[in-house]
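J.: Sending over a structure as C-alpha cells; questions will come in a sec.
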Amino acid sequence: MSTKPEKPIWMSQEDYDRQYGSITGDESSTVSKKDSKVTANAPGDGNGSLPVLQSSSILTSKVSDLPIEAESGFKIQKRRHERYDQEERLRKQRAQKLREEQLKRHEIEMTANRSINVDQIVREHYNERTIIANRAKRNLSPIIKLRNFNNAIKYMLIDKYTKPGDVVLELGCGKGGDLRKYGAAGISQFIGIDISNASIQEAHKRYRSMRNLDYQVVLITGDCFGESLGVAVEPFPDCRFPCDIVSTQFCLHYAFETEEKARRALLNVAKSLKIGGHFFGTIPDSEFIRYKLNKFPKEVEKPSWGNSIYKVTFENNSYQKNDYEFTSPYGQMYTYWLEDAIDNVPEYVVPFETLRSLADEYGLELVSQMPFNKFFVQEIPKWIERFSPKMREGLQRSDGRYGVEGDEKEAASYFYTMFAFRKVKQYIEPESVKPN
C-alpha cells in the first residue's frame, strides 16, 4: 500500500511527483475534464464542488437570447454594478493610501528596532471596514460567491461539532456574522469577543434586529490572544464557563505573531473548554503557503502571489534563504489583500504541526483538519436540501455545480483549511510560568 499523502488539488502532478516520487499503475490514471461527463449521481469533482442535475442552462444563456424584459434587467444590473465599482474604487484608493501610510510608519519603527503593533493595525482596519460596510450593496460585492462559500463552510463546521443547548465562545467574533448559524444549531448561550469595538457595536445591532433567536448573547470588546480572557469577561457575570465550544474563524493567524501570543491563545481556549468540548476554526493553509513560496528562487526579495481577488506578499525572502524552511514557527509575517474585504493587513503563517503540538500541550486532541475544498465536497451532500434556495443559488457555479470557481477558488477553496480539536484532559498551569 502506498504511503504517499493524498495529492492536494492545488498541487500539480509534476510537483507532486518531484516531491514524493513518480507514480505508476492505477495511481497515475487521470481523466481529462474536457473529455469527462458529469452525471447527477457523481459524488463531486474534488475541487470543492458538487455536480447537480442539468440546471445550469438558464445561468449560461446569453443576454441576446433572453426576452426584452430580461435583457433590460441585465442592463439595470450592469449599471448598478458600474456605480458600485466606481464607489468601491474611490473607497479603496482612500483605504489603500491610509494603509500605505500606516505600513510605512511601521516599517520605520522596525528599522528603529521597535516592534510593529499589529493589534492596532488589525483593530483600525476592522473598525474602518465596519464603518464603510453597506449591507444594502452586499449582493453587488465582487466576492459575493466567495462569501457564500465561506459561510457554507462555517454552517457545516458549526453543525458538525455543536449540539443543542451548548454554550459557545467565539474568539474574534467580528460583527456577529455567525449568530444565525448558531441559532440554527439550537445553542443556549453565545459569548462573542473581538478586539474591534466597532465590530462589537455592529454585532449588537445585528443581534437586536434578528428575530427568533432564543438563546442568550453576550458581546464583549477584548483581546482574545494577547491577554487572559478573564480580563475581558470579568465584568460579564452572565457568561457560563466552561463552554462546550470555542470557535475562531479567520483570525487565529494573528496569534502567531509570537510564541507568547500563540500560547496565550491556546491557554485561553483550554481554560474555557469543558472536557469533551470542541475547539474548531478556519486558518490559512500553511502547506499551500509553503507550496507557493517554494516556487520562488532565492533572488526574489519579496515573494508575492495572487490574482484579481486576493494577494499575499512576504516582506523578505528569509524562507528561501533558509533552504526553503521558515526560520521560526512564529512571526512569519505577510500582508494580505482581499477584494472588497481586507486591505493589506499583516497576518502570520500558522504552521499546522506547530498548532497541533501546542494544542496537545494544552490537552487538546486533533479530530480533523482538511482544506476547504475537501471539507466542502465531503459535507455538501448533507446540505443541499438543508440550505435555503437563496443559499443554494449563491453557491451555484456557472457550470451548475456547487462551490467556487475562477479566481475565487484559489482565494477560498485552496488558501484556507478547517480544523477541529477535542479537549481530552485538564491543563494544569505551572505556578512558576503563570502569566500575569
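A Cβ is built for glycine as well, from the same backbone N, Cα and C atoms used for every other residue.
Keep in mind that this is a model prediction, so the values were computed, not measured.
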J.: Say Swiss-Prot lists G172, D194, D223, Q249, Y254 as binding S-adenosyl-L-methionine: which of K154, K271, K274 is in the same site, per that record?
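T.: My reading of Swiss-Prot gives K154 as the candidate in that site.
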J.: Relative to the Cβ position of R206 (site 'mRNA cap binding'), how many further Cβ atoms are located within 10 Å?
T.: 17
J.: Tell me which of the binding-site residues K154, G172, D194, D223, Y254 ends up closest to Y416 (site 'mRNA cap binding') in space, Cα to Cα.
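T.: Result: the closest of the binding-site residues to Y416 (site 'mRNA cap binding') is K154.
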J.: Given the binding-site residues K154, D194, D223, Q249, Y254, state which is nearest to E347 (site 'mRNA cap binding') when distance is taken between Cα atoms.
T.: Y254
J.: Distance between H253 (site 'mRNA cap binding') and K154 (S-adenosyl-L-methionine binding site) at the Cα atoms, whole Å?
T.: 17
